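Here's what TrEMBL has on this protein:
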- 47-88: domain 'Transposase IS204/IS1001/IS1096/IS1165 zinc-finger' (DOMAIN)
- 94-143: domain 'Transposase IS204/IS1001/IS1096/IS1165 helix-turn-helix' (DOMAIN)
- 158-207: domain 'Transposase IS204/IS1001/IS1096/IS1165 DDE' (DOMAIN)
- 226-240: compositional bias 'Basic and acidic residues' (COMPBIAS)
- 226-257: region 'Disordered' (REGION)
Amino acid sequence: MDGTQILTLGLGLEAPWILKDQHLDTSVSPHRLDIYVEAERGSLYPCPECGEACPAHDFAEKTWRHLNFFQHHCYLHARVPRTKCPEHGVKRIEVPWARPGSDFTLLFEQAAMSLVNEMPVLAVSRQLEISDKRRWRIVHHYVGRMLGELDLSNVATVGVDETASRRGQRYVTVFLDMQRKQAPVIFAVPGHGKAAITAFSAFLASHGGDPDNVCRGGLRHVSGLSERRCREPPQRRGDGRLVPYHADLHQSAGRGS
């Protein structure tokens, strides 16, 4: 098995995509492996709208950062076609190794998000050697997608912790689903008091929850929380009222989320 076959298998390329060429440049630091992929001549591509097999209309050169090849940075290059569909016109196709609009392969983004779950985001940037801006694009995309799928319709009892993010009066208010044993944090917002409750109510309603049920009687209770440090253990209430949550417990929950 030659190098081209090994790289083809490693990348998981399937028809019509084939590996055309590769080049390892050791004159730059870090060393860089460039892999060039193309579609077989005469291939048909699914229309992004209807899936009908269509011929290519034109091509555009695209580049994606891939997982490192050993210690070398790796980049994937391909000429990505636009299809010409009789019904939907000219459309750019989606490639199987990257999401639309991303400068990274799916495997690279998967690795980045796995690291984000284990360490500060700034440390992830250093580990992967990417800029803050590009790192946050990945995080915002996947967090946004997960939030879009978040269902809070069963939330009835919420724990609240208000804590200072830094020295001074920079507060963060965290809301937890008291009935969840795993990943209980469901919302966090800068600030405290009624503004935080208002933001949480809007977030809850936008994800299928009932703010009237969860927050009934809670605003006055949480306003008191901003005036004194909460030291009580979490309390469960059957009426759906907001309850205080000890900061130490929140921190342990946050590490597990």
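Heads up, the Cβ atoms here are built off N, Cα and C, so glycines get one too.
Automated prediction, rather than curation, is the source of TrEMBL annotations.
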According to DSSP, how is the domain 'Transposase IS204/IS1001/IS1096/IS1165 zinc-finger' (47-88) divided among helix, strand and coil residues? 0 helix, 30 strand, 12 coil
DSSP helix, strand and coil counts for the domain 'Transposase IS204/IS1001/IS1096/IS1165 DDE' (158-207)? 13 helix, 23 strand, 14 coil
Across the domain 'Transposase IS204/IS1001/IS1096/IS1165 helix-turn-helix' (94-143), DSSP yields 31 helix, 1 strand, 18 coil
Tell me, what is the mean pLDDT of the domain 'Transposase IS204/IS1001/IS1096/IS1165 zinc-finger' (47-88)? 95
